[in-house]
Structures are given as structure tokens and as C-alpha cells.
Amino acid sequence: MRWRRPAWYWRGISGPVAAVRLRVRWGSVMEACELVVAPTRFRLTVARMAHRPAPAPRVPRLVRLRVTRTGLVGRVRLRPGQDTHDFATAADRLRHSFAMQQVVVRELRAGVVELRMTGYDVLRRVQMPRVKPTSGLRVPMALREDGSVHWRDYRQTPHALNLGATQSGKSVYQRRLVMGLAKLPNVALVGVDCKEGVELAPLARRFSALVDNPDDALALLEALLGRMAETYQVIRAEQRITADVPDAEITADIWGLPEEKRPALVVVVIDEIAELSLVSSGSKEEEKRRDQIITALVRLAQLGRAAGIYLELCGQRFGADLGKGITTLRAQLSGRVSHRVNDEGTAKMAFGDIAPGAVLACMQIPDNRPGAAVVASSSGGWSMIRTPKTSMRAAANVCNAHADLTPDIPELARWRPSVAGISLAESSVPAVSEAA
Ligand SMILES: Nc1ncnc2c1ncn2[C@@H]1O[C@H](COP(=O)(O)OP(=O)(O)OP(=O)(O)O)[C@@H](O)[C@H]1O
């Protein structure tokens, strides 16, 4: 069996050695990678007047270098005439020159770029670093190829789409998300799993509502729209009370409400969107139901954020072939994650409109790396990530352990899952009543 280098080995031995090697070779590598600039005219003139040889080209300055858990992070001050793009295009050459696994370039501010380098393939066996609990609605989801943690941050990116071919790792990603959300207080999980509930039913104890067929899904989404309207009323009432206080204290969304008045945040997890939007029999009723479901989802995606309702959609494809309104819905899903896909069309559905550079990347994910995915945001940036392998048992244990955090949402009580035939509301697990 091949020996795998553990993380401590990098930090203890290889990391400091690589840091010294990088500092020693810095100048020559910059020159070899054409990342130096010609000496200034002033220095050339002085050298000419003093009859001295022409000065050497100027090398960008490595102002800070530190060893991290997975590699090195360096900060570089650019020379006049250089830009981030110069370093980004040389990333592959830098990686070979410094014998690193990966080099990712990021601009910190004008004139300063950060080089994040990994010393080994961090996505081969994902080991998440310990992360401090944070405020807001954020979940540490996966490791990025540069060794940093990829967070699912609902305040930054309210709605997201998770795509991938069969057996690409979508369900494990979704499981990991539910596991992370399950630990957060005042968060209600709402699930739609039309695969007979096989993915979400084992996690049911932490769900405030769970449905497994399109008819119930429509009723549930309409109830959520009703809840959204009520939450807007709560926000309006709070605005009225505080109409004479300075502008900064008047809120336009749920996050600005005092904590005791803030209704539970709702994350709607939909496994396999195609099951909701495909019309199998071609009947008029099915078509009507499909249109109503998509319309409800579009409304939730457009207006839900301020009322604390977030969408997390999962599917193998997400294109116009799923029906009218799908592309409008996709435009609202600004968080995009795509696992391995088999064709360019699907890759374009995920990234064509926001990060064209990511299209090729998600088609190149190898079959033997399930869970690896490309994540992109509407700003156009993208990165490769991989979730740690998470078993259903581990996820169910976390959901069971945090079942007492499940908020009771009266509007959704009809769909509160019953576990082993006993409604959770009647079981020994105490339920949390929603704030105001
Ligand atoms: N991050 C990961 N690391 C290692 N193995 C993984 C990872 N994610 C998924 N797998 C493995 O890949 C296989 C497929 O995963 P998963 O069921 O999540 O795929 P899927 O895309 O949901 O497939 P389907 O659409 O057919 O349900 C499983 O055996 C799972 O254990």
C-alpha cells in the first residue's frame, strides 16, 4: 500500500523545507517565469554614467511567507507594470518550479497578490480543519484545492444549485449540508425528496417538514409563500415602531429584527428537482401542477431571502427541457456547485451564465473522485472543492442528537415527519417553539 503523507508531516518537516527552498529560489524562478520587470530608466542612466554594467531586472518582492496546515501562503508586492493576471497565468509554471501541488493566485489589494500553495493533493483524502463556530447562517462544507474551507454562507448567497451526474456525490454534499445546518439553532429544515424519501427520511428528526411527492410539495411551497408574506408583516410592524429612529436602525429584512422577534430561518432542500418538474403522463393536471411548483419556487427565490427562506436545489440537469420558468429560476440561484457531469450542455447549465471558465473544469473531474466539484459564484470566480466522505449513519446521528433544535412551524405542521409512526410533536424529544 502506498504511504500517504499525513498533514502533520507537511507542517513538521516538508513545510519549513519548502519555505526555505522557495525563498532561496525566488529570484531565479521569477526570472524563469518572466515575472520580472526591466530596471527603471533612472537606474539605467546612472549605470551608464558611472560606466557600470546595466542593472538586473527587478524581481517582485515576497513580503510575507508562512507555512500552513496544507502548504504555504505568500504575499507578493508587484512591480510597476505587473498585474494579478501575470501571476495567474504563470501559476502552473510556479507550481512546477517550486515543486508544489497547486498554486492559486488571489489579489488582496492593488499591487499586492497572495499565492496560496498546497504541498500535497489535499482533495485526495479530505481532512477538514477545525473551524470556530460563527454567527449567521454559515456551514463549513468542503475543502478547496488551495487548502482553505469552502463555506455555504446563506447571507452572502441565499439560494444555490447543486448539479452532477449520477454517482457524482450530490447526495453526500447535501447530507453534509443538512448535517451542518442541523447543529444551528433557530433554523428550520424543510425537505422535498421525491425519491420516496430515501435521502432525507433518515434525517427526518431534524426536519420541520418533509414531503415525498409533487402534490404535497406544491402545497408545502404554497404554505411557505404564506409564511413569507407573514414574515414581511412582522418586518413591517417593526419598521413602524421604529419609524422615528435613525435610518440605520430600520430593517428591511429578517436579520435586522431583534433576536427574540426573529422567526426561524427556513432552508428548503429539494433533492432531484427533475422529479418536480417533469411531466410523465402528459396530462393537463400534471402540467398545471408543474407550472405552479416552478412559479412558487421562482417567487421564493425572488422574495424569500428577506423573509429568511433559502433554497437549496439538487439535480442531474437544470435546463429549459425541465419546463417553462426553469431558466428564470436558475437566474436566481447564484450559488452554483457542479459535481462531475457527462456533457457540455449540463456544465453550461451550471456555469455558462456566471463563470464560463468553470464549464471545462467540471467536465474534467475524474470518475474515480466522487464528491469533487467545482463551485462558482456570480462574481465569475470558481474553485475546485471536495466534501469529506460522510455516511448516512453519521448524518443521521447528528440530526438525532440535535432533534431538540427543530423549530415547530405552525404553517408547516401538516408535513412534520413522524418517526417510527410517532409524531415528533408527541415524542419524548422536546420541540422548540418558534420565536414570535
Ligand atoms: N466526498 C466524497 N468522498 C468519497 N466518496 C464519496 C464522496 N461523495 C460521494 N462519494 C461516494 O460516491 C458514491 C456516490 O455518491 P452519491 O450517492 O452522493 O452520488 P449522487 O450524485 O447522489 O448519485 P445519484 O444521483 O445516483 O443518487 C457513493 O458511494 C459515495 O460514498
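Every residue, even glycine, has its Cβ placed from backbone N, Cα and C.
Summarising the annotation, TrEMBL assigns domain 'FtsK' to 146-348.
Residues or ranges marked as ATP binding site in TrEMBL: Gly164, Ala165, Thr166, Gln167, Ser168, Gly169, Lys170, Ser171. Around the Cβ of Ala165 (ATP binding site), 19 further Cβ atoms fall within 10 Å across all displayed protein chains.
Note on the domain 'FtsK' (146-348): its mean pLDDT in the predicted model is 86.
Cβ proximity to the ATP site centre (mean Cβ of Gly164, Ala165, Thr166, Gln167, Ser168, Gly169, Lys170, Ser171, cutoff 8 Å) flags the following additional same-chain residues: Gln316, His339, Arg340, Pro370.
Under DSSP, Lys170 (ATP binding site) is assigned to a helix (H, G or I) in the three-state scheme.
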